[in-house]
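Colleague: Pasting the feature list from TrEMBL:
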type: ACT_SITE; residues: Tyr47; note: active site, proton donor
type: BINDING; residues: His107; note: substrate binding site
type: DOMAIN; residues: 19-291; note: domain 'NADP-dependent oxidoreductase'
type: SITE; residues: Lys76; note: site 'Lowers pKa of active site Tyr'
Amino acid sequence: MEITLNSGYKMPIVGLGVWRMEKEGIRDLVINSIKIGYRHLDCAADYKNEAEVGEALSEAFKEGLVKREDLFVTTKLWNSDHGHVIEACKDSLKKLQLDYLDLYLVHFPVATKHTGVGTTDSALGDDGVLDIDTTISLETTWHDMEKLVSMGLVRSIGISNYDVFLTRDCLAYSMIKPAVNQIETHPYFQRDSLVKFCQKHGICVTAHTPLGGATANAEWFGTVSCLDDPALKEVAEKYKKTVAQVVLRWGIQRNTVVIPKTSKPERLEENFKVFDFELAKEDMELIKSMDRKYRTNQPAKFWGIDLYA
């Protein structure tokens, strides 16, 4: 299943996120995902594993597992490179061993102190607060993103972690509209207004953390995952599926792209088996009633400031 972006390109509705994936496990993860059927990989400069993903992709192409044109590869501009968009994109392409990106996203709507292209540091001031660069506007960054399209380095460009107001502004000043807004959304954090706004204006919503963070976010942020919810477990039993499969299917039926992450082979396959069933209207409504407005990914822990405040 694919969604057609406003750029005209098609984006697979299920992808594999590689956030917090250990470098030594990347090769097997990527190769196995391609063998299972994944055709969408979600990367980022800040994940610090683009080079390892690139090695795996190169191997997959050489072995004939998949053709480049059949893969959809996303990566993201880090905060510290807002003033160096073209150089940062070229750095990611070099690491990924690709000639072009299918999608390049502004990772967060904030420019921070530049620490060197591709270093993806989050420099803190003496006060322990993120060193935000107030001389670079998001509009300036976006126009540099647009240049990447005209240069042939990127097919589609988008935003990430933008709210309604910032997304509206981007629509107003853009020559090339954002094709995607990648945000945290799951049953406990549904963000229905933002999803509706984006979709109304032709922006595809990609759900990062589509399973509510699970173990990874519990470790880093002390959050609770919706995967343990008793009501969701009942729905899963009804369909003879796992809770994760039900949650991913819910995301798909909202017309959002889902990019679950996992390092476990059995979960990798499980997360892709979401096309052989459909949630009934009453179950979609049940899950809709579970919204807690509960964010599980909170970088304020590392930045000394809540950018969502």
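From the backbone N, Cα and C atoms, a Cβ is placed for every residue, glycine too.
Relative to the rest of the structure, where do these features sit?
Modeller: Take the CB of Tyr47 (active site, proton donor) and look out to 10 A: across all protein chains shown you find 23 other CB atoms.
Here the Cβ of His107 (substrate binding site) has 22 other Cβ atoms within 10 Å, regardless of which shown protein chain they belong to.
Averaged across the domain 'NADP-dependent oxidoreductase' (19-291), pLDDT in this predicted model comes to 95.
Its Cβ placed at the centre, Lys76 (site 'Lowers pKa of active site Tyr') has 27 other Cβ atoms within 10 Å.
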